């Protein structure tokens with residue numbers, strides 16, 4: 001039996017109507033006025049009137065004071081992300097196969113040409129978002145990676161974010177945030193190279209800009225507030241479980257944190273600990289986590305582990321931790337999550353920053369049908385085919401007959417023409433021509 005010991009008071013809202021109106025107006029203005037409109041929004045919204053595209057000299061100057069230890073940590077994380085992305089790249093194989101005597105088909109796997117990577121800057125400096133996008137695109141073999149981040153508190157791109165962009169391999173770095181950044185990358189403003197794919201997290205306006213431009217460019221995911229679910233049984237450490245719930249709640253006021261458990265004792269202890277841990281956070285994180293846990297936190301008690309799987313797959317959380325015995329069983333049975341973190345040793349924060357798999361993940365139930373950002377997002381699987389004249393004997397006849405059944409006479413005649421050319425003295429059953 002499934003019961004709620006704590007139920008969310010709200011459902012995350014992104015104020016979609018408001019965001020749509022604002023974004024529609026901004027995109028129209030940027031399309032009409034180009035760079036001038038972008039500069040206007042940069043000054044109006046971010047207090048930035050400096051250079052948009054940073055030169056190599058500017059990048060060196062602005063990152064020269066980044067401590068060696070910080071550089072080493074960022075470099076380590078980039079290697080982790082790159083190594084995982086390269087392993088993903090190797091899983092994509094090109095092949096050719098003879099499907100019928102004389103009919104050969106295959107696939108090629110190629111990177112897109114231009115990618116735009118966005119890293120937000122608001123409450124926090126999102127260093128990890130900088131290398132998650134850029135390093136993965138570079139591992140895919142993308143020739144041109146354009147990176148954007150908001151001027152941090154009106155002072156230009158945060159030096160640590162800027163270093164992360166550079167170290168991960170960004171070819172162009174622009175001091176732009178929000179809708180104007182997404183539009184500039186999509187339209188190729190300042191670079192002359194419109195992006196094929198735009199990726200990266202952001203607020204509701206960034207998410208709406210990506211949604212609005214989808215089709216003109218590819219995107220990673222339709223992202224909402226960050227989510228975490230923790231599955232825990234009686235073997236779990238309540239203090240660690242509570243810490244991990246709070247660790248994700250600090251993302252923002254609308255970030256859900258869910259506990260699914262078969263242990264009432266563990267649930268009670270976690271619910272007692274969470275407010276204590278939140279109270280000890282710095283002010284910015286404390287305010288966000290307090291609202292997130294109060295309004296969106298849930299604790300769900302299940303009678304069996306099968307019920308836990310049922311509820312977990314229904315929620316399809318962005319991040320899913322498992323603090324239980326028999327981790328292999330959970331790996332085999334859970335099917336809907338953005339990324340899975342098995343065992344107490346594997347906290348979401350490790351995946352958010354350092355471990356290797358990408359942290360740009362589906363939210364709001366989208367993990368039921370999609371995965372997160374990966375090297376695959378930057379790759380195209382292109383098919384090809386070739387056949388001999390002899391192979392067209394059967395292929396041509398079947399094609400003509402099906403085409404005429406569909407009423408597509410011009411299609412059928414492309415087969416007729418070849419059969420007449422290649423086998424002038426032969427007779428074939430090509431179907432009944434469509435009446436003119």
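Placement of Cβ uses the backbone N, Cα and C atoms for every residue, glycine included.
Because the structure is a prediction, the values reported are computed rather than measured.
Copied over from Swiss-Prot:
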- 118, 180, 203: NAD(+) binding site (BINDING)
- 248, 251, 352, 411: Zn(2+) binding site (BINDING)
- 318: active site, proton acceptor (ACT_SITE)
- 319: active site, proton acceptor (ACT_SITE)
Original post:
Which one of these binding-site residues has the most other Cβ atoms within 10 Å of its own Cβ: 180, 203?
Top reply: 180
**OP:** Among all chains shown, work out which of the recorded positions 251, 319, 411 has the most CB atoms within 10 A of its CB.
**Re:** 319
Subject >> CB-centroid shell, 8 A cutoff, NAD(+) site 118, 180, 203, site residues removed >> reply: 120, 148, 150, 176, 177, 178, 179, 181, 182, 202, 205, 206, 209
**OP:** Round to a whole number and give the Cα-to-Cα distance in Å for the pair residue 251 (Zn(2+) binding site) and residue 203 (NAD(+) binding site).
**Re:** 11
Original post:
Just checking: which of 118, 180, 319 have a Cα that is within 10 Å of the Cα of residue 248 (Zn(2+) binding site), counting only these recorded positions?
Top reply: 319
Subject >> Other C-beta atoms that fall within 10 angstroms of the C-beta of residue 318 (active site, proton acceptor) >> reply: 30
Original post:
Taking the Cβ of residue 118 (NAD(+) binding site) as reference, which residues of that chain separated by at least 6 in sequence fall under 8 Å from it?
Top reply: 129, 133, 147, 148, 149, 181, 182, 185, 198, 199, 200, 201, 202, 206
**OP:** Express in Å, rounded to the nearest integer, the largest CA to CA distance found among the NAD(+)-binding residues 118, 180, 203 named in the record.
**Re:** 13
Subject >> Secondary structure of residue 203 (NAD(+) binding site) (DSSP, helix/strand/coil) >> reply: coil
Original post:
Here are some binding-site residues: 248, 352. Which one has the most Cβ atoms within 10 Å of its Cβ?
Top reply: 248
Original post:
Per DSSP, residue 251 (Zn(2+) binding site) is which: helix, strand or coil?
Top reply: coil
**OP:** Would you kindly give the Cα-Cα distance separating residue 352 (Zn(2+) binding site) and residue 180 (NAD(+) binding site), rounded to the nearest Å?
**Re:** 26
**OP:** State the three-class DSSP label for residue 319 (active site, proton acceptor), counting H, G and I as helix, E and B as strand, and everything else as coil.
**Re:** strand
Subject >> When distances run from the Cα of residue 318 (active site, proton acceptor) to each of the binding-site residues 203, 352, 411, the nearest one >> reply: 352
Original post:
Does DSSP give residue 180 (NAD(+) binding site) helix, strand or coil?
Top reply: helix
